[in-house]
Every structure is written in C-alpha cells, then in structure tokens.
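Taken from Swiss-Prot, the feature active site, proton donor covers 361. Annotation comment: Swiss-Prot describes 392, 517 as active site. Taken from Swiss-Prot, the feature N-acetylalanine applies to 2, supported by similarity to another entry.
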C-alpha cells in the first residue's frame, strides 16, 4: 500500500499496467471483438441501462489489472469516505456530499456528525411549496399577473447542469405537458448580448428571476442580477423586486440588502460543489418552476438509484467504476488526451458541455492530493455533439486522424417518435442505425485489401483506408424520462470521482479558476479609472497594454 506522500504511479499495480501496454500494442480490436466470451463479459446491465465496453482496447486481463489498480488505490475506502461525509476535499476542508441531495427521506448521510438529509428535504419541501404557488397563480407579480416566465441567473455549475436537465426534458411528454404556457431561460454570461437575448420578448410583469450564488458575491452573477433588477424596477418600481426576484444562496444578509425577501432564499451547503449542485436548489428550484416538483423528484430518484448502485455493487459490475477505470486506462496508459461524448439524442445536446465542466474542472490537476507534482497527465479534453450532427462535423478526425475514445449514448424509445408512410424505417430508427454503426466503423476500420476487392482505384486506397482499433463504449438507455436523465448525470459524476480517486488527486476543488479572476480585478480598476479620470495605463506588460489601449480608444462606453 502506498504511503500518503507517495505517488500512485510508483505502485506495482500501476507499473504492471505500464508493462501490459507494451504486451497489447499489436492487438487489434478486430481480434478482441472476435472473442464472444470476452464481449459477453463486457456487457453490464442495471435498472434498464445497458453498458457495452467491449470496443475498448482492453483484453480480459486488462480489466483484471485495472481492478487490481482500484484495489491498490484504496477505491473502496475512498468511496466510503465520500458517502460517510469525511472531508475528502482536503484543500478546502469540506465534505463532498452531492449524493445527499437526492437521498430518500429516511436515509442517513452525515456531515460533521450530523445527518444532513432532513435539512435537504426541508429545502426540497420549501421548493415544492413555492413552485406550486407560482405555477398555480396563487403567487402573483407586482401588478397581479401570474409569473409564467423564469430567468435563472448563475454561471458555471449554477448554469450548465440545470440547462442540461432542462433541455433534456423539454420534449419529454410528461414534462412537456407540465410546462405548458411557461418559459425557463438561463442567463450566465456578463456579455450584455446574453442579457438582451434573455429578456427579449419577456414582460417584467410576468417574469420571475432566480439569482443563484452561494455567497451572493459572484461577480458575473451579481452584475447580471443588478442588470435585471434595473429592468424590473424601471418597469414596475423598486418595491416589485421582492415579488419578482428570489435567491438560491446562503448569505441571507446580502440577499436582503439586494432587495430580495430572505424568506424567498433557498439554501444549499458548503459540501455541495458548484459543478455537482444541479440536484440542490440550484437546479431543483428553476426546474420545479418550469416542470413541477413531481417531475423533478423523478430526476432525483434516478440519480439516487445510481448512487446506491455505485456505493454497493462489486467493482466488476459497477458501471461508474468501470467507466472511471477505463478512462484512466485510456488517458494514463494508452495516452489518449481527449474523450468525445456522443449522445444520439438531440434532447441531450447540452449534456457534453455540462460533463465538460464536471470532468475538466474536477480532474484537470497537476499535483497529487498531497501537493506533489504529477509525472503523468490527469483528466481529458471532453467535447461532444449529438449524433448525427457530429458525424458531419468532427467524426472525420475521429475516424482517420487522432485516436479519441468515444462514448456513444443511445435511447431505445424516442421522446417524440415520427413514422412516415413509405419510409423504410422511422426517423428514430434512422438515427439509431448510425448509433449502432459508428462504434463498429471505429473498431474495425477498413483495410486496403477490402478496398481492392471493391475495385477501388489504387490512388484512392490510402485515402479510403481506415486503421480501426479506435476505442469506444456504448450506453443504451430505455428512454429519456426525468428518471433516466438523473441516472445519466450520476453515472458521469461518479465516473469522474473514480478517475480522481485512482489518480490520487483532489477532484473537488478548482483553484485553477482563481488566478484569472484576480488579474481581472486589476484590469477592472484600470478601465474604471481610465474612463472616469483619463488615467494612463500602468502596471501591465507590453502586449496587454497595447490591447487595452486599442480597446479604450475604439470602444464607445459611456462615462461612468
């Protein structure tokens, strides 16, 4: 067992896998896929989900070695420590308990010796009551009109997760029916264009604004909040703010100072990281206002089902653990720096951007949890696009350029099926034909010999050859309901945690986002003094000075 100050790459389990890479270098996926027993062993089913990872560049013995790696990394203990509320976010001295946000009412999950589940449900019950008042029209705006439009202001984890879930549910029949006559929009960027787009076509009289900021000091969020407060007060007067703005925050003093009734503030806790907060009031409040709490509760139950699977299932059948170990294999041993997330569902168009943050903010680290520089890369560059759109965009590179492991996500039953008379298959079958074909195209490729048999001209054979041996996995969901969306979210959250646990890093802090904020403060002060007092640029390097000079000379901002 490695000591706390040793790097995990020095363990025998890690070194064993390093040697194993050399052993399998010449093994092609064509050969691996011909072994039916191996393929069968790489199918995992849970609660209607089917995972197929047989197209990973991993013989059976690779999986055995990866499970040994998990043991050497004390993965069982680390998962238990997370669920037990220990302060595994050591740099911020915090528990990591997003699992408590979707736990059943009778569950016991402790932080600092106290069961937090009752607190979670107090907030959920408050959200349920408030959202029902808004949706029923018993709570009205300053002019007596029902509030049918919601703008949620937040950034990063306060925006990407809720946006993903909202987009996924927009065409779900149950959610669609529940949202009739309502709109939900998300304002994140401080670019005034984002404000203009969000308020376009909306009437302040029928709009409710949800301001999401734990401290109520997040620069971008609070500037946007002040901007929409001005929009409301200009139309309805200052007293309207209390009727048209609510908060998700723990800083009740600043909430009240802003003009929002503290009774209309919904709490969350230090043990919830921003990118893991979609199951807290951050996501549950705006989503409940749009779809009703009963729909959102199903989303929470789906996530909880995966939490329980993750906590209790042996690793060889544990979907998030297997996915996490395979990601470590692809990144640290096979040297693949990226991952494509490819949902064959337009409803999941915002899934990849959310997981991009969850993954890259969590595992984009350069030191171990003990502060030692890492001699290996962690994390991967996550990107993606729904199929088949991505096929006409970046799949060319995936097939014949760099090797990029792919996650294919398919849905058995469409949210909005279409059957056209005279067509060979339904629209959804056409979509799914591509879902099933692409992983095989990546795995098998096409050889020069095959092309010769097809009488392809010699000069085109090099251009039409596909090397294959490009890894992917397939995740098949029975349908895309609120419950399934919750499952999908939790699978990826826990997968990311597994990667971090194995790499020996802290996946729950994000110091990398701080430096740019600090430097922006200096620029902000300079812009203010230059615009109001004509102060000369000072304290910047030549490059930044030149850019700032051009910006100040040519922009037409009014004097503050």
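A Cβ is built for glycine as well, from the same backbone N, Cα and C atoms used for every other residue.
Cα spacing between residue 361 (active site, proton donor) and residue 392 (active site): 29 Å, rounded to the nearest whole number. Spatially close to residue 392 (active site) yet at least six residues away along the chain is no residue at all, judged by Cβ distances under 8 angstroms. Most buried of the active-site residues 361, 517, judged by other Cβ atoms within 10 Å, is 361.
Classification of residue 392 (active site) by DSSP places it within a helix.
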